[in-house]
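K.L.:
After the structure tokens below, expect a handful of questions from me.
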Amino acid sequence: MTTAVPVRAGTAATATDQPTTVGGRVRKRLNSRTATVVSIVIAVVWTLPTFGLFISSFRPEDQIKTTGWWTFFSDPQFTLENYQQVLFGRSSSSGQLASYFVNSVVITIPSVLFPLAFAALAAYALAWINFRGRDWIYIGIFALQIVPLQMALVPLLRFFSQGVSLGGVTLMPAWDLADEQRFVQVWFAHTCFALPLAIFLLHNFVSQLPRDLMEAARVDGATHPKIFRTIVLPLITPAIAAFGIFQFLWVWNDLLVALIFAGGGDETAPMTVRLAEMAGTRGSEWQRLTSGAFVSIVIPLIVFLSLQRYFVRGLLAGSVKG
Amino acid sequence: MNFDFADEAPKLVMLLYGLVAFVVVVGGLLLLLDVVPNWFARRREARLVAVADAGPPAGAARARRPRRAEGLFGLFFLLPTVLLLLVGLVIPAIRTVVLSFMDGGSDAWVGLRNYGWLFSQDEIVRVLINTLIWVILVPLLATTTGLLYAVMVDKARFEAVAKSLIFLPMAISFVGASIIWRFVYAYRGEGQEQIGLLNQVVVWFGGEPRQWLQEPPLNTLLLIVILIWIQAGFAMVVLSAAIKAIPGDIVEAARLDGVTPWQMFWQVTLPSIRPALIVVVVTISIGTLKVFDIVRTATNGNFDTNVIASEMYNQAFRYGETGQGSALAVFLFVLVIPIVIYQIRNLRKQREV
């Protein structure tokens, strides 16, 4: 953001390295011009679909269904009817998203808190407590990232519905959860599935804390729980925030886990399930789909935009540093 | 208005339970970790006093004790994680492998029949081919777009804004994204005014509107566009960070040698960000293999657009063919393994350097 014109990396125009020949100067100008145009085209293509959805969601039903959203600019008609209908509508086809919205919130909060707490504890143990087999456990947890969710679904569902029995002896009774209680299943599943990545990311941060600090604390007689609570937790707060946003987006946007463990009813299913259903059965009811999609997008967008900095940091910790 | 707060109350009560459980479990664990060692310490002290009274201490036993206490701590810190992972991932994964050798109702052993079915059924072969197309195109195109964009907006004016525009789809659910793009692909008969942007563009250029999502193999490509749209932002952010981390003196030296921007890109930028590039490609590949939501929301797997992950859902949860569904899941797992081994080897090499 220091130079006046958008130019390609490494060619930042300084007085000393201006191309001397006329040809060179023209080529350089062309290069930066092409780069600018291409990047603007990409930015437009990436933004336009969402923008179109956003505009559409405020247009009256007959308008959405008969004219393109771009006619909004020549013939602006504005209504909140779609949102009213999709959130609070009475008929079964209207969406009733308000109720599903509550479900999404109820599902998300514990599904973020539990894995964060467990992963922080585990990451600390794997990084700073000496015990035999530590490295193997870490490698094992890392490797679990490769198990596709799909592999765990059928048996985990049976675990909930049939319990565990070994040779006719019931080790754990079936959970037999109904209605609202099924939230517990969803929390449980999300927590399990999030742990490997969470531990991996947090471990990267925790293990980079200065060794001197830890040893000084040990010498002063602090126990592991004390070090964890008073030294480590405050220091890794940024990392926890980063992963918290990660996990929030992931849980809020999830469809597969919710579809299988929450069922499709309005007692427990989150918005994604309902939207997917609406897209399937009422694929041409654009006034509901557009406003519904926007309702489901708006919370993650707010979280994302306000906490983007942390989110990016979490992303980079996991992928670049390794 | 049809929003009854009373209807929502039980859910909020459940949320309250969840939060209480969280406080009890995590708080309890920390409390336990604080109290138990103190108790042990007191007991050891008492014993030491007793030993000192009775005679010479047994030195060997005392030397080993701190180490065992450490192990105990580790165990407690890891306990919830290990339990959850065993119940939630390890045992289920093993069971899925077992189930894949049994029939639909998991009553009888059928050997390798489910795997034979995978490769003999025309529809399923179609599914496998589609998955292959996805996993080749998405990482390639998403990474290329992300890289191009990262290079082009680097040091530009409004860099932060330009980057967040591309990054934004990361926050949108796959379901939301599918609806957004279905709207772009929307079709209305010829002669009528189009509401889908793509068809409108076609019409503006004098073409005929088409039912994009119902024409194989074009529809698969159009679904792939959705995932590229989502993932390019991820690639862009990671690669942009890698580009910014290239040491300035290398760039400076290259510039003094008079390289063109083109050479700079191929001979300086690209080799320098190679590790990040690999991580991005691998991560997106794994994500692509597991893609489920997009296909389900956009076409429900119809019109030859199905992929392994969503066919697995169909088999196991809609048709009740647990064996065949499990076989698909195992196949997915097998596909992911080499990618991950490659990544682990790369990480190790990186650390050694």
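The backbone N, Cα and C atoms fix where each Cβ goes, glycine too.
Whatever TrEMBL says is automated annotation, not expert-curated.
Per TrEMBL, the feature transmembrane segment maps to B:12-33, B:72-94, B:127-153, B:165-184, B:221-243, B:264-286, B:326-344. Taken from TrEMBL, the feature domain 'ABC transmembrane type-1' applies to B:128-345.
Structural setting of the listed features?
P.N.:
Among residues of the same chain six or more beyond the transmembrane segment (B:12-33), those with a C-beta under 8 A of the stretch's C-beta atoms are 73, 76-77, 79-80.
Among residues of the same chain six or more beyond the transmembrane segment (B:127-153), those with a C-beta under 8 A of the stretch's C-beta atoms are 118-119, 159, 162-163, 166, 217, 220-221, 224, 227-228, 231-240, 243, 265, 269, 277, 280-281, 284-285, 288-289, 291, 304-309, 311, 335.
Under 8 Å from some Cβ of the transmembrane segment (B:165-184) lie the Cβ atoms of residues 146, 149, 195-198, 213, 222, 225-226, 229-230, 232-234, 236-237, 291-294, 297-298, all in the same chain and six or more residues away from its ends.
Sequence-distant contacts of the transmembrane segment (B:264-286) (same chain, six or more residues past either end, CB-CB distance under 8 Å): 135, 138-140, 142-143, 146-147, 151, 231, 234-235, 238-239, 241-243, 246, 250-251, 254-255, 336, 339-340, 342-343, 346, 350.
Sequence-distant contacts of the transmembrane segment (B:326-344) (same chain, six or more residues past either end, CB-CB distance under 8 Å): 93, 96-97, 99-100, 114-115, 117-118, 135, 278-279, 282, 285-286, 289-290, 308-309, 311-312, 315-316.
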K.L.:
Excluding the flanking five residues on each side, which residues at least 6 beyond the ends of the transmembrane segment (B:221-243) place their CB within less than 8 Å of a CB in that stretch?
P.N.:
133-134, 137-138, 141-143, 145-147, 149-151, 153-154, 163, 166-170, 172, 174, 177-178, 181, 185, 212-213, 269, 272-273, 275-277, 279-280, 283-284, 287-288, 291, 294-295, 298-299, 305
